[in-house]
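A.B. asks: One structure, pasted below without further comment.
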């Protein structure tokens with residue numbers, strides 16, 4: 001492993017070309033020939049600007065406005081307005097089935113793209129189970145909170161599984177609110193939903209974006225062995241900002257432990273994944289250090305996206321990180337050994353284009369190692 005200062009010097013420097021947010025989901029694998037990796041290193045080594053120039057210049061981030069001095073969002077943060085026939089259809093279907101989506105609850109900027117089908121032509125949504133009310137209150141999240149949310153619907157696992165199975169999609173993301181009020185943190189409900197969906201549609205690939213279950217190994221094991229294909233748990237921000245960004249019951253070590261346990265308990269071939277928001281006040285060095293620890297925990301996939309303030313009640317955006325800087329983190333992740341890195345201002349943990357690449361990666365793994373097939 002290279003020293004952190006060397007990694008920063010090599011990767012966090014302005015490139016000679018500009019990157020759009022669409023470049024964030026360019027498929028990346030770390031299985032390269034030595035020759036191609038040497039070519040990458042040579043290209044990076046030939047770029048002369050220093051780390052100091054990168055961090056303090058306009059290449060890394062742009063200023064965020066204040067109430068007295070408002071500034072428009074940078075051009076790469078412009079969102080598409082939700083609409084179109086498919087968007088209307090999927091919204092109606094979700095309402096009819098009384099299903100919650102994190103897309104709406106968290107005010108995801110990609111809602112219009114994913115629900116309308118985007119470039120792939122297939123509409124997707126991330127389903128949220130265990131209700132729409134969380135027991136925690138993270139400073140970045142728009143989901144409703146309560147110490148005593150309504151009890152989970154016992155029929156939800158079956159209803160959700162039947163609804164998703166009827167959509168005709170082949171990759172789905174299921175997530176949930178935190179349920180600290182339940183004895184098993186909601187892990188049994190989560191596992192039952194995955195198991196029921198796999199029973200109805202065995203060929204469907206399922207990504208479970210889970211809470212930390214308060215670090216309970218039994219809960220992590222239960223979900224990890226439920227039949228999912230990808231277990232995701234988000235660390236959300238760098239280690240140094242955990243207490244500022246997340247609820248006091250969440251912390252960096254606990255989240256890393258969840259990811260480690262998931263890799264230990266899940267069947268061979270199951271991928272683990274995590275996500276980090278940038279623009280919360282972190283430094284490049286803190287990001288690199290966090291990436292190193294995440295990779296050491298055996299995580300396969302990592303995503304980076306720009307934090308966007310959902311309302312004035314939430315923590316403000318510290319800075320808008322440029323597409324160029326996001327691309328640097330993607331390259332660094334590739335060099336560190338992550339199997340896939342999605343990094344761009346509009347990338348979110350459950351990002352449509354990233355899901356399609358992970359799907360193809362899983363299918364390729366199963367062709368190479370038939371024993372890992374379900």
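Positions of Cβ are set from backbone N, Cα and C atoms, glycine also.
The following feature annotations were taken from Swiss-Prot:
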{"type": "BINDING", "residues": "103, 108, 114, 350", "note": "[4Fe-4S] cluster 1 binding site"}
{"type": "BINDING", "residues": "134, 138, 141", "note": "[4Fe-4S] cluster 2 binding site"}
{"type": "DOMAIN", "residues": "119-339", "note": "domain 'Radical SAM core'"}
{"type": "TRANSIT", "residues": "1-19", "note": "transit peptide"}
A.B. asks: So around the [4Fe-4S] cluster 2 site, 134, 138, 141 aside, which residues have their CB within 8 A of the centroid of those CB atoms?
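C.D. replies: Surrounding the site, in chain order, are 136, 137, 140, 142, 143, 145, 177, 178, 247.
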A.B. asks: Any same-chain residues 6+ apart from residue 134 ([4Fe-4S] cluster 2 binding site) with CB under 8 Å of its CB? Would you list them in sequence order, or say none?
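C.D. replies: Listed in sequence order, they are 141, 143, 144, 145, 146, 149, 177, 178, 179.
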A.B. asks: List every residue in the same chain as residue 138 ([4Fe-4S] cluster 2 binding site), at least 6 positions away in sequence, whose Cβ is under 8 Å from its Cβ.
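C.D. replies: Result: 236, 245, 246, 247, 250.
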A.B. asks: Using a 10 Å radius around its CB, how many other CB atoms surround residue 141 ([4Fe-4S] cluster 2 binding site)?
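C.D. replies: Its Cβ shell of radius 10 Å holds 22 other Cβ atoms.
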A.B. asks: Please report the DSSP secondary structure of residue 134 ([4Fe-4S] cluster 2 binding site), reduced to three states.
C.D. replies: strand
